Amino acid sequence: MESLSGGLSVIVWGCTGGILLLLLIAIFYYIFSLKSVLHSECSSTTTAILSLCASVLTVTLIPVDIFLVSSMKDTNGTFEDWAADNTTRDEVQQDMQYCYYALYCCNAFFLFVIIPFVMFYYEEGDEDTTRAKRCCTATKYTAGFIVIAFILLLIGAFVPWQGIPQEGKNSTKWVEFQYLINEFGNGKGFDALYFLIGFIALIGMVGIIFYMAIGMAAIPIEMIKGTQSVTDELEETDSAIQHTIRRRNAIKKKYHRSSSSTSNRDRGRLQQLDDEEELIKRRQRHLKGKKGSLSARCGKFWRPFEIIAGILLILFSFLLITSLSMTSLDRALHSLGPRSGYVLTKRTYPNPVDMMLLYAQRAFPLDLVIFSIILTYFFWTSVGGIKKMGIWCFCIRLYRIRPKRTKPQALLFQCSLVICMIMALNTMLYTLAPDYLSYGYQRYVPSNGTEAVQCSTQAGDECVMTVTVTLMSKFLYKVWFFGACFYWATWGFIGMFLLSVVIFLFRRRRSAIAGRVEASDTEDSDEEILDP
């Protein structure tokens, strides 16, 4: 590779900036397309946008990290001139490390301070409540989240962490890993931050299982299956209205020639039928609006491309799942065991995505483009899964995520989930492409060889590991319980994806106006979101 200051550096920073800009535009569009037209507040919308931007910036650091370590070495295994000095390499790594710490702290600050404060501030909104009182109440409740964060930091700072086994205790393999444990961030402060981020990531891993896995299955399959015909749905609503009218007339007929008043039971049934008819008529209005919309008129031309895109995406999803399965199996059989967090020092089984990324580096920056596509796909399926399923807590649905009807609390809850899932994404990416994420395309010449080979932990100081993998491996080893949880959660993610594929394959096609009409909606809100 060329020098870090060469043309390739301009290319990679340009690609990264372009992808970041597109993601930021997508975030703005996503938030404004979801926020409620009737119940919206500037503070909650701004917080949602800023928190998602912070999480996207955290993800964007990963390809930059990979590029930096890859650019330090030439294809023949020697260090580039600018990176020949250990001091220079350490400075670059340290700067990248501080970038990670800054964004981790920023995400944690949003999660434990900003988002709770804005959420409670909105909850206290009332015509009779002053802003000062709202701020005071929101601060009081937010203090509870700050206390939780402080407790987690204390636990991380003072809990006894695992060390390297002593000689004579089957520690041959651990020698390869020892330099990694002591490379970055020794100290109580770093340990406390690792523990806090690890706890957030553990929550995020639950979100990845129940949202990203479902999104990776649902989005492509629904693109292939398409939506129900608007004409057919209109016919169904007409039939449903007639059926409701007949049922209501049958009840009224019982009392037509009788002097007795309507019983409470029948009165309740009549009210229920009136509500059902009103809901069906509202669906009918939305369907008629959809039928005459521009999207419906262009649907016939877009439909073949949608099917092709859905097929490509489901194949891409299965490729990612295959790679996760191969690495997880490899870690089960050849890692340093559960007491190391299932850290894999050397890959044994082939990994399609890892091999594809390493091969794509020969046509640099193709590998970074592919890796950025993977990151974008993970992010897209995560928010898509949340949008489809809504926000749940212990089998109770708290909020629905719906176009132009999403409450501010739901937006903020969603952003909190996304932050947690981004924190957990590092472990998923390490399982997806361990060699590429660790060393990029670095190569070295072994002491007993003459040809340059792909870097691994066996290379020791001959290769430079990415900061993200160094920090993650250090934490997963020292607090091995988290590493074991992340490992088994990956199998849970794979299982949830396969189960979701089966469910959505046999599920009825979604409505053309899915998520637009519910019994709790009002006529005024309908007027706001009807298609022109």
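Backbone N, Cα and C define each Cβ position, glycine as well.
What TrEMBL lists as transmembrane segment is 6-32 (among others).
Annotated transmembrane segment per TrEMBL: 44-69 (among others), in sequence order.
The transmembrane segment annotation in TrEMBL covers 101-122 (among others).
Annotation source TrEMBL lists transmembrane segment at 143-164 (among others).
Sequence-distant contacts of the transmembrane segment (192-219), counting only residues of its own chain at least 6 positions beyond either end whose CB sits under 8 Å from a CB of the stretch, comprise 101, 104-105, 107-108, 111, 149, 152-157, 159, 185, 313-314, 317, 320-321, 377-378, 380-386, 388-389, 392, 417, 419-428, 471, 474-475, 478-479, 482, 485-486, 489, 492-494, 496-497, 500-501, 503-504. Taken from TrEMBL, the feature transmembrane segment covers 192-219 (among others).
Residues 216-217, 219-224, 226, 349-354, 374, 377, 428, 431-433, 490, 493-494, 497-498, 501 of the same chain, all 6+ positions outside the transmembrane segment (307-326), place their C-beta atoms under 8 angstroms from a C-beta of that stretch. Taken from TrEMBL, the feature transmembrane segment covers 307-326 (among others).
If you look up TrEMBL, you'll see 359-380 (among others) marked as transmembrane segment.
The transmembrane segment feature in TrEMBL is assigned to 410-433 (among others). Listed by sequence, the residues of this chain that lie at least six past the ends of the transmembrane segment (410-433) yet keep a Cβ under 8 A from its Cβ atoms are 31, 34-35, 44-45, 47-48, 51-52, 54-55, 58-59, 62, 104, 107, 110-111, 115, 118-119, 197, 200-205, 207-208, 211-212, 320, 323-324, 327-328, 331, 351, 353-354, 357, 371, 374-375, 378-379, 382-383, 386, 391, 398-401, 468-469, 472, 476, 486, 490, 493.
Look at TrEMBL and you will find 479-506 (among others) tagged as transmembrane segment. Counting residues 6+ beyond its ends, the transmembrane segment (479-506) has Cβ neighbours under 8 Å at 159, 161-162, 194-195, 198, 201-202, 205-206, 208-210, 212-214, 216-218, 221-222, 314, 317, 321, 324-325, 328, 331, 338-343, 424, 427-428, 431 in the same chain.
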Task: For the transmembrane segment (44-69), distant same-chain residues with Cβ under 8 A (at least six beyond the ends) - done: 4, 12-13, 16, 19-20, 23-24, 27-28, 30-32, 35, 92, 96, 99-100, 103-104, 106-107, 110, 114-115, 118-119, 122, 365, 368, 371-372, 375, 379, 408-409, 411-412, 414-416, 418-419, 422-423, 425-426, 429, 436-437, 439-440, 442, 464-468
